[in-house]
Structures are given as C-alpha cells and as structure tokens.
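Attaching a single structure in structure tokens format; questions to follow.
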C-alpha cells in the first residue's frame, strides 16, 4: 500500500487527476451497488422466508381441518358405539354407519372398531391375517390408555390395503372398546408436493417421531436423521439455516397443535443470491456508463489544466539553465494565471539579487585575503608557547599517574584483605553450625534406624496375618462347596418328593406345596453359596495382592536399614572434617587481621602523595589548555579566512552563469 501511494505521488498531475476522478466515480457507485445488492438479498431473504412460513401455516390449517373434521366424526362414533353395538345382532347397524361415513368422506380409507374381547368390525371388509389381533395394535393400546382423548398414530402401511395411512382412534364413552378411522395421506402428500417455495423449494410433513408423512423423494414412514432434523424438533416453530448434500438451505417450520406433526418449508439459499444478482448486473452497467461519461469530461478538464502548466514548466527550465530574462504570457485570471504572474515576479527578483551578489563578492574577496595573512602570523607565535607548556605538563602528568596507580593498588589490596577477613569469619561460623547440624543429623539417623526396625517387625507380622487369612479363606471355600452340594441334593430330593406327591393325587397336594417350598429354599441356598464363594474368591485374590505388597515393602524396609547405616557413618566423617576446618580457619583469621592493619597505613600515606601531585598537575594543565584554546582559535580564524576566500571565488564563478540583461 505504501509503495502504491509513493508511485502515485511521483506520477504526473494528469495521471493523479485521472486516478482521483475515477475513485470519485467508482467508489460511491460501487458502494451503492454493493449496498443495493445486500439490501436486495436481505429483502428477498425476508420475502422468501415469509412465503415459506405462510405456506407452512396454510398446510397446517389444511391438516387441522382434516383432522378436526375426522375427530368430530370419531367423537360421534365413540358416543354412539356402546357395548351393545359390538354384539353380533347389532354389527349390521354398526357397519351401515361406517359405510355411510366412508361414502361421505373420500379421504377416509376405513372405519373399524374393536371391543375388549378383540371382536373386530371393519368397513369396507378386508381379509385380515390369521394372526391379526386388534388388542395388540398400537391404535387400540394408545386409545385405551388415553381415555376421553383422540389419538393420532404414526404413519404406517395398512395390512388390508397396503397403502400408507394414519389411524385416528378414540375410546368409547362406556369404555367397552375403541372406534378408529384410517385416514389416507395421499391427498396430504399431493398438497405438500404442490407447494413451491421459490424455484426449487418445497414443503414436507413429519410425524412426532421424525417419520415421513409427506416428503419429496422419501417414502412415507421412513425415519429421517441428521443435525437439521434435531434442530427441527428442538423448538415448536421458527426458522434456521443448514447444509443438505453440500448445499446451503433455509427452513421455516411449525408444529401442528392437533397432531404434533412438524410442518416445514425449505428452500435453497442460492436462489436468493441468484435473484439479487440482477440488481448487481444493473449496477455494473450504470457504473460502466458513468465511467465512460466521466472520462470524457475528465479529458477536457485535465487538458485545460495541463496546457498552461506546460508553458510554466518550459519557462522554469530556461531559468534553471541561467536565463533570468524569460517571462510567461498571461492569458487567464484563474489560479494558473496567478501562478504565471507570480513566476514573472520571481524572475525579476532573481535578476536584482544576482546584481547585488556580484557587487558583494568583490568586496568579500579583498577582505578575506587581508584576514588570512594576519591569522598566519598570530598562529605561529602561539604554537611556540604551547609546545613549551606541553613538555612540562607531560612530565607532571606521568608522575601523578604513577602515584595514583600505586594508591589504587594498595586500596584494592586493603579491600581484598578486609573481604578475606569477613569471609573467614563467616566460614568459621558456618563450620560451627555444620558441626552442630552434623550431630543432629547423626542423632536423627539413629532414630530413623530404630523406626525402620520397628516397621520391619510390623510388616513381617502383617505378612503372617495375611497368610493366615489366605488359609482360612480356602477353608471357607471348601465349606461353601459342601453347602452347595447339600443344596443341590436337597433340590433333587424336593423334586422327587413333588413327583411322589403328584402321584398321590389329592392326598399329596399339601406335601407337594411343601416340597416346592423346600426346593425353592434349596435353590436360594445354592445361589447364596455360589455368591459367597465368588466373594471369597475375590477376597483370596485381594489377600494374594496384599501378600505380594507386604513382601515388597519388607524388601524396601531392609534396603532402607542398610542405607540408614551408611548415612550414619557419613555424618560421623562430616563432623570430624568440620572440626578440623574450624581450627585451621581460626589461625588464618589472625594472620589476615595483621596484614589488613599494615595495608591501611600504606594506603593513607599514598593518598596524601596523590593529592599533592594532583594539585600541581591541575595548575599546569589549566595553562596548557588555555594556550591550546588560543592556538585552535587562531587556526580556525585562518581556516575560515581561506574558506571565505575560496567561497567568494566560487560565488563569482556562479554569478557569471546567469543572464540578467537582454
């Protein structure tokens, strides 16, 4: 971005004007086009979503109307069909009512009923499978479980017709049976498929358990799965976006209050963008026309600016070559005309300036020659004085530096001795502390050894106890096996007794009951014995594990005893070495203190000598510095005079390049 801006700044005014005008044209129109496109997308999204919701509501009303009408008829049948109507002599009347109802309702596939005894009546008649039992059907069970309520089943394939239906059922008022109606869902499928949302969008209906009632490309009764299905059943109504087979889609849905079915409308998201793309195409056409018209206007505007600028540039080039007699012809009173007039004034001012510079150069050249000669004489005299002072100063400085070096070395030695004394004192104290800590460590190691011996005895005792538990657990297992054998034998005897009692007939019935109870108790005893045996087996396993752990602990304790003894011997050796070090340190402290006292006396004498030497050296250096400053000043004056003379010559040559008179 920075490189692009630099390139634009370095380009011509015409190019910058073209870029500026194009930006003024393109940016607003492009922004408007994008805004219009986004507004169109948002508006179409709202419209299509609203259309989907309206279609869902229409389909919901259709379902509610069909179900409500059927429920009202079913309520009539449940009030009318009492237990008396289920009897054989009344079945003809029941079938006649069913027949009339079917003739009046095309969407009904069958009407049927069943009493509590399973007596099934249906119109129209159909051959039912030999194992058919109405009492085992879902519609019968749900209706009997929801007394006074109408239930709607999941879509299923009718046994008689082989077509997909939903059953609407209700228990009779007197509770003697159930009356049900098989409603065709073909017309619902047709209605749902006839609803179009956008170009490729469609509506569909799912049951409460995610099974298809009406869905394009899916068979009724098929259970649907997927993340979008879970979202659909998360709320009662709403809309959401999802991806289906790699394409983005949008869905609006609602839940039927009557049946609990999910009624949904779905559409492809790209339809919205396809419809809105027309707006983008029109905006692009407008942008192209605007750029064409704008470029034509820009050409004439730029030409009116660049032509006068070229004349000014040509005149400026002549002036840059030294021709100050050049003037610009003024043809306008705009900003370019004002610039041309200012340019002419500038050329006139430059001519006057060059005349004045030529006169001043001659005067400066003669003055600089006189100043150079005077500065040379003064500089030579100052150099002689400076050389004499420097020789004396160098000797004094050398002496002072040697004294300072000696003093610093003595001070450093003194500081080192003091530090050595402090370190020796600290080491002595540390040695004493080490001796005390070593004694305490030896005592603690002895206590630890005693504790480790106690732990060793405890572990060995625990190992013996665990081994005893293992033996007793095996004895319990043997006893349980004996009990289990007794229970099996008792069970066999009880069975034999029951057989003998059965042979005895009526007289042996009481004994048979007792034998059965004895057999049950034997079975329970055997089961309990097996459970106890299983628990004992687990306990034996745990005992084995504990025994292994105790043996491992015993080995670790023995190892710990050996290491404790080694640690005790190490502490004794440390204590002996510490006492020896403390004795040697006390002797060293006395020697260091004597050296430190002597070094302090030498350091004090060196400091006095250094102070006197510095005072003498400082005075000589001040004189030398003043002389050097004067010499430097004279050299600068001489150099400046030479420079001024050279510059006046150069300035004289430069003014000769300008043409100030025609």
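Quick reminder: no glycine exception, Cβ is built from N, Cα and C everywhere.
Annotations for this protein, taken from Swiss-Prot, read as follows:
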type: DOMAIN; residues: 152-228; note: domain 'Cache'
type: DOMAIN; residues: 303-355; note: domain 'HAMP'
type: DOMAIN; residues: 374-610; note: domain 'Methyl-accepting transducer'
type: MOD_RES; residues: 370; note: glutamate methyl ester (Glu)
type: MOD_RES; residues: 594; note: glutamate methyl ester (Glu)
type: MOD_RES; residues: 629; note: glutamate methyl ester (Glu)
type: MOD_RES; residues: 636; note: glutamate methyl ester (Glu)
type: TOPO_DOM; residues: 1-16; note: topological domain 'Cytoplasmic'
type: TOPO_DOM; residues: 38-281; note: topological domain 'Extracellular'
type: TOPO_DOM; residues: 303-662; note: topological domain 'Cytoplasmic'
type: TRANSMEM; residues: 17-37; note: transmembrane segment
type: TRANSMEM; residues: 282-302; note: transmembrane segment
Can you break down the domain 'Cache' (152-228) into helix, strand and coil residue counts using DSSP?
10 helix, 32 strand, 35 coil
Determine, from DSSP, whether residue 594 (glutamate methyl ester (Glu)) sits in helix, strand or coil.
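Once the DSSP labels are grouped into three classes, residue 594 (glutamate methyl ester (Glu)) ends up as helix.
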Between residue 636 (glutamate methyl ester (Glu)) and residue 594 (glutamate methyl ester (Glu)), how many Å separate their Cα atoms?
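Checking the Cα atoms of residue 636 (glutamate methyl ester (Glu)) and residue 594 (glutamate methyl ester (Glu)) gives a distance of 61 Å.
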Starting from the Cβ of residue 594 (glutamate methyl ester (Glu)), draw a 10 Å sphere and report how many other Cβ atoms land inside it.
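If we count other Cβ atoms within 10 Å of residue 594 (glutamate methyl ester (Glu)), we arrive at 10.
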Can you check how the pLDDT averages out over the domain 'HAMP' (303-355)?
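PLDDT averaged over the stretch: 71.
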Using a 10 Å radius around its CB, how many other CB atoms surround residue 636 (glutamate methyl ester (Glu))?
12
